[in-house]
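To start, the structure itself, in structure tokens.
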Amino acid sequence: MTYETTAKELITNVGGLSNISNLTHCATRLRFQLYDDSLVSDNKVKEIGLVIGTVVAGGQYQVIIGNKVGEVYAAIQTLRKNESVTTDVKPETIKKKTITQETFDIISGSFLPLLGILAGSGMLKAILTLLLEFNLISDTNNTYIVLSSIANAGFYFLPVLLGFTLARRLGANEYIGAVIGAALLEPGFVGLIEKTDVDFLGIQLIPINYASTVFPVFIAVTFFWQLEQLLKKYIPQMLQMFMVPMLSLVIVVPLTMLLFGPFGTFVGEGIAKLVVMMSGVSGLLTGALLGGFYTFLIVMGLHWGLVPIVLANLANGGDPLYAMGGMCAFAQMGIALGFLIRSKDKKLKTLAGSSIVPAALSGITEPIIYGLIVPYRKTFIYIIIAGAVGGGINGFFQVKMVSYAFASFLGIPAYSPMIIYLISALITVSIATALVVMFGYETKEKHLA
């Protein structure tokens, strides 16, 4: 089945092009925002060749494709561009989203386009850390410095990237959104805030390092989105080309430096401290809960909502959330390995074997979740047990992710202490595998989604 054919069938069975309000994708899923959910033929969507499963969560209709999701997404977008679409969906059938759903849509729509570059940069940082650990390279070596600069760039300029994607998601001018983030990292401004007693129009500036931050630019661009609409309403069309960008920047950037930045930084640091405090009170319990139940967030497609918190934690020294919750990925790998060992069904063995490799190397486990775990629901119990053990170990020993990476064996150098993370990962895989081999996976059930 070609990607174009898959795209056409998907469009037909989600209610046609006119029913698609917005479409994004993550590592394995197409995320449709639809005008009318009742027009979806869910059973027919599940029968399409490249489709692994479907989930409805966070106001989105999510179609799990796997590692070919990018190609299918591109094919759908090509069809959307080539067709003239008028929305014929009746207004009374359009469901108004809750504030929670809309917030989740904005967060996921802003961060999903950035996950690839963050994961790639994080993996490069992890490899460099490993090379330093084994004295294979020196941190004064020119090659190391160049590679380290490349790895750091995506995180350092995160306010610029997020300013762009958030503005695009909100329907504002994405280039102005990017410049708002860039202004916070401009060398002249960075040098200025390093001095003492710096003011703007007589108002004291709080010295803040905005590199790698999330919340300040998130607040700033959201405010800009509203401001831009107001400016376009009152500024004549012939003057908008330069007046709207100029006034937007002159208003939003100083407000960010004086108000949004300090408040956003306070929020980010507050969340980071709360997570650390929870881990400190009972790292074992917190880790066990996250490791055991994180899979359910993935099944519902809600796990990307934690990305802003994780990035805020990274900017403050390290993130324990992914270190604990990420153990579910190793539990899922163990489930697949258990199927490979125990099952006599050739199709199941092929599915299990082919899904272990991408999971182990890149942390992409949706084929395991929707191909093995969801159809064979007994394995959810094994996931909870194995994930809780691994997450509990990491929580107890205060393991943190110090560089953004997906939970995988290649991503292990991104965690500290690395040896503890490796041990907990191996234990988690072993427990999940043993449970499947010893107690089986029962008769296939109907899909949850």
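From the backbone N, Cα and C atoms, a Cβ is placed for every residue, glycine too.
If you look up TrEMBL, you'll see 4-86 marked as domain 'PTS EIIB type-1'.
The active site, phosphocysteine intermediate annotation in TrEMBL covers Cys26. Reduced to three states, the DSSP call for Cys26 (active site, phosphocysteine intermediate) is coil.
Predicted-model confidence for the domain 'PTS EIIC type-1' (105-449) is 86, expressed as mean pLDDT. For 105-449, the entry in TrEMBL reads domain 'PTS EIIC type-1'.
Per TrEMBL, the feature transmembrane segment maps to 111-132 (among others).
Among the features that TrEMBL reports, transmembrane segment is placed at 144-163 (among others).
Annotation source TrEMBL lists transmembrane segment at 175-193 (among others).
Annotation comment: TrEMBL describes 205-227 (among others) as transmembrane segment. The list of residues near the transmembrane segment (205-227) in space but at least 6 beyond its ends in sequence, with Cβ under 8 angstroms from a Cβ of it, reads 110, 155-159, 162-163, 166-167, 170-172, 176-177, 180-181, 184-185, 190, 192-194, 198-199, 248, 251-253, 255-258, 260-265, 267-268, 308, 311-312, 314-315.
For the transmembrane segment (239-260), the residues of the chain that approach it from at least six positions outside its boundaries are 173, 176, 179-180, 183-184, 189, 200-201, 203, 205, 216-217, 219-220, 223-224, 227-228, 231-232, judged by C-beta separation under 8 angstroms. Here TrEMBL flags 239-260 (among others) as transmembrane segment.
If you look up TrEMBL, you'll see 293-315 (among others) marked as transmembrane segment.
Residues or ranges marked as transmembrane segment in TrEMBL: 321-341 (among others).
The annotation transmembrane segment is assigned in TrEMBL to 353-373 (among others).
The transmembrane segment annotation in TrEMBL covers 379-397 (among others).
Among the features that TrEMBL reports, transmembrane segment is placed at 418-441 (among others). Residues 133, 291, 323, 327, 330-335, 337-339, 341-343, 372, 376, 378-379, 381-383, 385-387, 389-391, 393-394, 397, 399, 409, 412 of the same chain sit 6 or more residues outside the transmembrane segment (418-441) yet have a Cβ under 8 Å from a Cβ within it.
Distant neighbours of the transmembrane segment (353-373): 27-29, 52-53, 64, 66-67, 295, 298-299, 326, 329, 332-333, 335-337, 339-340, 379-380, 383, 405-411, 441, 447, 449; these residues of the same chain sit at least 6 beyond its ends, with a Cβ under 8 Å from one of its Cβ atoms.
For the transmembrane segment (321-341), the list of distant contacts is 275, 279, 286-287, 290-292, 294-295, 297-298, 303, 306, 309-310, 313, 348-349, 351-353, 355-356, 359-360, 363, 365, 368-369, 372-373, 379, 382-383, 386-387, 389-391, 394-395, 399-401, 406-408, 415, 421, 424-425, 428-437, 441: same-chain residues at least six beyond its ends, Cβ to Cβ under 8 Å.
Secondary structure counts, DSSP: the domain 'PTS EIIB type-1' (4-86) has 36 helix, 22 strand, 25 coil. Its Cβ taken as reference, Cys26 (active site, phosphocysteine intermediate) is surrounded by 20 other Cβ atoms within 10 Å in the chains shown.
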